[in-house]
Amino acid sequence: MERSLIILKPDAVQRGLIGPILTRIEQRGLRIVGLKLMQIDEALARRHYAIHEGKPFFDSLIAYITSGPVVVLVVTGANVIEMVRSMVGATNPGKAAPGTIRGDFALEIGRNLIHASDSPENGEMEVNLFFRAEELVDMRRSTDQWIYE
């Protein structure tokens, strides 16, 4: 099964949106196999967002993601990358559909609440950047039989 890294960014934490966002993820049937509250330091932020280095918004992105605590989680499931991305909505909240996390809770692109892996390859890379193998739990739920064939 695919794995996706999700980061509830400092604005999501400060606005008290951890519970509502985690509820949506769990209600969709995705398995949370790793979860932690942490403060991302500048070195980790630069590694995570290395693809954006040199872009005009890079410095403000690093300042934002390191400005307060975040909740980082790993979710698994069939087609998890695509599912999570559709739940999250467009990067620009102004273009995010109602019913998505950003469409319902975010207002501007610079404070868009949540990061989600954009490909299976990046999902694996990001999971390994933020979690050690022993921090992840291979959890099976009793409800899985009602979610997966």
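Yeah, the Cβs are placed from backbone N, Cα and C, and that goes for glycine too.
Under the DSSP three-state reduction, His115 (active site, pros-phosphohistidine intermediate) is assigned to strand. Annotation source Swiss-Prot lists active site, pros-phosphohistidine intermediate at His115, citing sequence analysis.
The ATP binding site feature in Swiss-Prot is assigned to Lys9, Phe57, Arg85, Thr91, Arg102, Asn112. A sphere of 10 angstroms centred on the C-beta of Asn112 (ATP binding site) encloses 24 other C-beta atoms.
According to its DSSP assignment, Phe57 (ATP binding site) is coil. Between the listed recorded positions, namely Arg85, Arg102, His115, the fewest other CB atoms within 10 angstroms of a CB are found at Arg85. Secondary structure at Lys9 (ATP binding site), as computed by DSSP, is coil. The Cβ of Phe57 (ATP binding site) lies under 8 Å from the Cβ of Gly110, each of these being in the same chain and 6 or more residues away along the sequence. Of all Cβ atoms in the shown protein chains, 22 besides its own fall within 10 Å of the Cβ of Lys9 (ATP binding site).
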